[in-house]
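Enquirer: Right, I'll just put the structure down here and ask away after.
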């Protein structure tokens, strides 16, 4: 039996029944990483010794018949912008090359408390800016379904690790679609929770009013399991909400009778691949057959979401990334005349092109002459988009759409076409702007590549997402798909 192909809940059952040891599971994944990651590029750092040490500790507890915790013995990969004490945290950027984190992010603490085994740090677009993981300063990540194609981004490594059987679960971050789009491209399940449901403490900031940590897994049950562990109030993050986290396992039922689902016409317009449209429409029929009430709806302001997103996120990035100055830590230019020169050269040499592009855009829209015309206007548009979603959720429990207008595109195909790259997030960005939760799960294949179905719900209604996603997933076989790599 190939342990790397199993889900987290299957491995949990085997550990509980003493059919396998945690060390055996961990070594199977480490062997897999050593075998395939030179081609897949999911990991930027592997913590082999520490992972085996933790696994042995869990095996001792199992031998003593101690009760297992939620993630005991489950191998997990962490995106390289989420702090793990003693491991690198580079954000896939030259400017943080060699930086080792002195503390754990809140989500990392929660995983460690539940005895998850952290295998290492995962590849990403630099500072989470990108949709293909081609912006990593260190190496390319490849899609396990086709090595000539991208895995999506910015959490490309997180999706590749799960799809390529290099981790059972992974954590990514989602600012404008960075968990959902790679989940779609790689055929795994990925959740962007409600803004405030999961702590951002210890996560390197890109867009502070948009960033959210999101789990990825092989199926909906795995995704719900990891969400249950990391969700909840954190006093170190004032944006988290003191709201009880439901038992998401209770939502994992096929019964969705009476659930009202809206189909927004704006998500099915020009630019959507006809085969993806067909796959999503077939998925909607399955939900309807399972008892959901499906009706059309409209979100007329969605056309403005992408523009508002890039103004707001770039403005926040410009502010957040000002802290990387070549003085206290990270990359410092070797040739400089004075302090001003250190800042200029360290940042110019340390940041990649896409990061510099967004810093420049953000600085521009925050400048005195353009603040009202761009940034302030974008915030007003954001409020209207939120109102749009609230209006729809008065009549519907959820909205269904494609996750991405295309399947995974080829490496290099959009790297130099900025607008085309940005448009690959056209169905995920509105959800981020509004701050509502959404999940992506596989709903078909087009030319050998996975297609993602996006289900969106109202604030803090992740339980509704898991219910609908599980109902659909268990009615089809797409969740059993594994990349033959």
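Quick reminder: no glycine exception, Cβ is built from N, Cα and C everywhere.
For 79, 154, the entry in Swiss-Prot reads active site, charge relay system. The annotation active site, acyl-ester intermediate is assigned in Swiss-Prot to 178 on the grounds of sequence analysis.
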Enquirer: Are there residues of the same chain, six or more positions away from residue 79 (active site, charge relay system), whose CB falls under 8 angstroms from its CB, and which are they?
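Expert: Result: 121, 122, 124, 155, 157, 158, 170, 171, 172, 173.
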Enquirer: Can you count the other CB atoms that lie within 10 A of the CB of residue 178 (active site, acyl-ester intermediate)?
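Expert: Cβ-Cβ neighbours of residue 178 (active site, acyl-ester intermediate) within 10 Å number 36.
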Enquirer: Take the Cβ of residue 154 (active site, charge relay system) and count every other Cβ within 10 Å, whichever protein chain it belongs to.
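Expert: Summing over all protein chains shown, residue 154 (active site, charge relay system) has 35 other Cβ atoms within 10 Å.
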Enquirer: For residue 178 (active site, acyl-ester intermediate), name the DSSP secondary structure in the helix/strand/coil scheme.
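Expert: Coil, per DSSP.
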